[in-house]
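Asker: Before anything else, here's the structure in question.
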Amino acid sequence: MAAYKHHAFSSFIILMLFPLLLQFQFGKSELQLNYYSESCPKAEEIIKQEVTKLYYEHGNTAVSWLRNLFHDCFGCDASLLLESVNGIESEKESGRSFGMRNFKYVNTIKKALENECPSTVSCADVVALSARDGIVMLGGPHIEMKTGRRDSKESYAKIVEEFIPNHNDSLSSVLSRFQSVGIDVEGTVALLGAHSVGRVHCVNLVHRLYPTVDPTLDPDYAEYLKGRCPTPIPDPKAVQYSRNDRETPMILDNNYYKNLLKNKGLLIVDQELASDPATLPFVQKMASDNDYFNEQFSRAALLLSEYNPLSGDQGEVRKDCQYVNTN
């Protein structure tokens, strides 16, 4: 990852991360399609089988795989998966990871791979390919993803909040962050379509409902949300949430954009997509053409999945996705 800390720490962070940035840059070109064709020919099929099996046992895992891609692929090195141990502070403890779950099932996939090809397939590739296959399980497009990523030996918990957009960042901030990794406005609008699946905890909604309702919210929709989130101070540990899309909550489709045009966006950034002149034309086009949404989503997700990974001799291939190797 790269870092943009506030002024007092900017020089320190840049110096600290400069060697890592160079590694990322030189590693990018080494990703390739069918990277494991010789070392582990069944790797991609094993991942697909495990993702499918987990989906039918725990349907929300498919949403988790998609979210993992967004949170890990500002570097694509599986640093997200590391636990807090031996001086490592887990990125999962960051506020940006609030509500994320099903990490344990990543290791379910990894164990199946280890049984077939020990110490061969990286956790970073598991993150990318499980997202690819999870998108399909959610009714989205199939995306041909390259592989050959390597796993980080460290966490970036102390700086992760400088990379991952917050639930309620402004649209300009979100556009800027994605632009920094090479994703244009059209692609960013498409990636935010991932909000068509899953749910948002009331913690990230109540500021639009209390003490007064955000005037950009459809009044009837606001009343529904108040029913889901009846108190202005929700318990972060309670199961209090609203689905991103009430009509097709587990299908990755363009209904998200249709809702935005009806003032039914859950997060601030969602609704701003439909009011900003730079993004509104894309929202309108995606709302009317699901194929166009799929095309742009695929393009942008592919760019994200290939952004500055470790590869070649960098990093390692973890045996357990939660911990760096001990040797």
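A Cβ is built for glycine as well, from the same backbone N, Cα and C atoms used for every other residue.
Automatic prediction, not curation, is the source of TrEMBL annotations.
What TrEMBL shows for this protein is this:
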SIGNAL    1-23  signal peptide
DOMAIN    30-325  domain 'Plant heme peroxidase family profile'
DISULFID  Cys40-Cys117  disulfide bond
SITE      Arg67  site 'Transition state stabilizer'
ACT_SITE  His71  active site, proton acceptor
BINDING   Asp72, Gly75, Asp77, Ser79, Glu91  Ca(2+) 1 binding site
DISULFID  Cys73-Cys76  disulfide bond
DISULFID  Cys123-Cys321  disulfide bond
BINDING   Pro165  substrate binding site
BINDING   His195  heme b binding site
DISULFID  Cys202-Cys229  disulfide bond
BINDING   Asp245, Thr248, Asp253  Ca(2+) 2 binding site
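Are these features on the surface or tucked inside, and what touches them?
Answerer: Within the model, the domain 'Plant heme peroxidase family profile' (30-325) carries an average pLDDT of 93.
Neighbours of Cys117 (disulfide bond), defined as other CB atoms within 10 A of its CB across all chains, total 15.
Other Cβ atoms within 10 Å of the Cβ of Arg67 (site 'Transition state stabilizer') number 20 in total over all chains.
Residue density at His71 (active site, proton acceptor): 19 other Cβ atoms are found within 10 A of its Cβ, drawing on all protein chains shown.
Around Ser79 (Ca(2+) 1 binding site), a 10 Å sphere centred on its CB holds 26 further CB atoms from the protein chains shown.
Using a 10 Å radius centred on the Cβ of Cys123 (disulfide bond) and all shown protein chains, the other Cβ atoms total 30.
Around the Cβ of His195 (heme b binding site), 21 further Cβ atoms fall within 10 Å across all displayed protein chains.
Residues near Cys229 (disulfide bond) in space but far in sequence (CB under 8 A, at least 6 apart, same chain), listed by position: Cys202, Leu205, Val206, Leu209, Gln240, Ser242.
For Thr248 (Ca(2+) 2 binding site), the same-chain residues lying six or more positions away in sequence with a CB closer than 8 A to its CB are Ser196, Asn255.
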Asker: Cα of Asp245 (Ca(2+) 2 binding site) to Cα of His195 (heme b binding site): how many Å, rounded?
Answerer: 8
Asker: Using the structure shown, find which entry in Asp77, Asp253 (the binding-site residues) has the sparsest Cβ neighbourhood within 10 Å.
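Answerer: Result for the binding-site residues Asp77, Asp253: minimum number of other Cβ atoms within 10 Å at Asp253.
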Asker: What is the one among the disulfide-bonded residues Cys40, Cys73, Cys76, Cys321 whose Cβ has the most other Cβ atoms less than or equal to 10 Å away?
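Answerer: Result of the Cβ crowding comparison: Cys76.
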Asker: Nearest to Cys123 (disulfide bond) in three-dimensional space, by Cα, is which of the recorded positions His71, Asp72, Glu91, Cys117, His195?
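Answerer: Checking each of His71, Asp72, Glu91, Cys117, His195 against Cys123 (disulfide bond), the shortest Cα distance is to Asp72.
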Asker: I need the CA-to-CA distance for His195 (heme b binding site) versus Arg67 (site 'Transition state stabilizer'), whole Å please.
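Answerer: That comes out at 10 Å between the alpha carbons.
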Asker: Any idea which of the binding-site residues Asp72, Glu91, Asp245 has the thinnest Cβ neighbourhood at 10 Å?
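Answerer: Among the binding-site residues Asp72, Glu91, Asp245, the lowest count of other Cβ atoms within 10 Å belongs to Asp245.
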Asker: Just give me the nearest neighbour of Cys40 (disulfide bond) among the binding-site residues Asp72, Asp77, Glu91, Asp253, Cα to Cα.
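Answerer: Out of the listed candidates, the nearest Cα belongs to Asp77.
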